[in-house]
Amino acid sequence: MKYYSLNNPNIKVSFKEAAITGIAQDKGLYFPESIPQLDTDFIANIENYSDNEIAYRAIAPFIGDEIPEEKLRQIVEETLSFPFPLVVVEKDIFALELFHGPTMAFKDVGARFMSRCLNYFTKDDADKKITILVATSGDTGGAVASGFLGVEGIDVVILYPSGKVSDVQEKQLTTLGQNITALEVQGSFDDCQDMVKKAFLDDALKDVRLTSANSINIARWLPQMFYYFFAYKALKAKGKPLAVAVPSGNFGNICAGMMAHKIGLPIGHFIAATNANDTVPRYMDTQQYTPQQTIETLSNAMDVSNPSNFVRILELFRNEFGALNSGLSTYSFTDEQTIATLKKLYNENGYLADPHGAVGYLGLKKYLSENPDFTGVFLETAHPVKFADSITSNLNIEITIPEQIITVMNGEKKTIAVDSYEGLKEFLSNRQ
Ligand SMILES: *Cc1c(COP(=O)(O)O)cnc(C)c1O
């Protein structure tokens, strides 16, 4: 499979090159040059296949012969080394829990898949080390650090805004050591993001072989299709079309779901639920794309006002607004609504959600109130313990801390302070 730049369809690269470089030279996101079609018998009998087999069949056409079948099956198996339970929340409404991986956020799947692909592609040129450079507002850093820990030939450098990530998130970034380095920036997430962008454009750093590991990278983006297959497999017997609600920030996850649909997975409807950062819901109302200043909310992993992956969604629908509008509904919710929903879910349904999952649930309920003939699923994207402050203060309960988190909280924080782009550049140039 070849991938073209969304800025210029004439720039085409292999899966390998797209995964290693992250973004095209003209700064366009990569997009597959054709949409594979899955075998209809396979979809009709999906309940007879294991999760590993389903995931392998979904991703294989996007990679072609660039990774041998046996190796790709191994990568898929190692990626999916934890469960994805579907939990009944109320009649016809289910939470697909994506947070049972090592860092307890759904980004584990993409990070684990991407790290193994890069390791496969670079293992034979060990003298050409790759450096993953990533800015994080919280969950990306932890998932990438854990996914790439100990992977030979790859260094990971994470920039995070000092004092602006949760305690758990900070420990997940700063305690692992080995090939992972955390740079603590006195500034905001946007400052970190700006420094990363500058480094990618800096000719003086050409020899450092920098790449990104956010959902712009196809090797992190595409494996997120798996969740939608698992939801469909588990709920197929209900016999009703599926409406899937996705708490959305950079729109990588929902865009992967829509790609799963395009290759043949019969999902009935998609719902993107956002917090106050409502650029896409406003676009769907007005067809005007006007990002505004980012607003800080309780669901901070979705505090994104200019979602990178939205251009991919437009491309999936060939920029036909009518088609997009009939397959996707979008809604935005306030922190007050999110808190009320956390309380309602806990007290009335006995379900402990996190603020991101609560936003997803709100979107699902809103859609189902006008379209009742669906089975509803919302994606629970993080374990509530990652946002313990908002849970404890609003629900008056203590959360049992899972084993993965206890271990990480006992680790020793190690960071390097960086306060300007020059500091970052010096660090990147002077490493051995
Ligand atoms: C990253 C993240 C999201 C948003 O996912 P996108 O793919 O960026 O839309 C939602 N919830 C949690 C917990 C996250 O970490």
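Here the Cβ of each residue, glycine as well, is placed from N, Cα and C on the backbone.
TrEMBL annotations: computationally assigned, not manually curated.
Copied over from TrEMBL:
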DOMAIN    2-79  domain 'Threonine synthase N-terminal'
DOMAIN    93-366  domain 'Tryptophan synthase beta chain-like PALP'
MOD_RES   K107  N6-(pyridoxal phosphate)lysine
Which same-chain residues, if any, lie at least 6 apart from K107 (N6-(pyridoxal phosphate)lysine) yet have Cβ under 8 Å of it: D139, T140, G142, A143, V144, R220
Across the domain 'Tryptophan synthase beta chain-like PALP' (93-366), what does the mean pLDDT come to, as a whole number? 93
Going by DSSP, give the three-state secondary structure for K107 (N6-(pyridoxal phosphate)lysine). helix
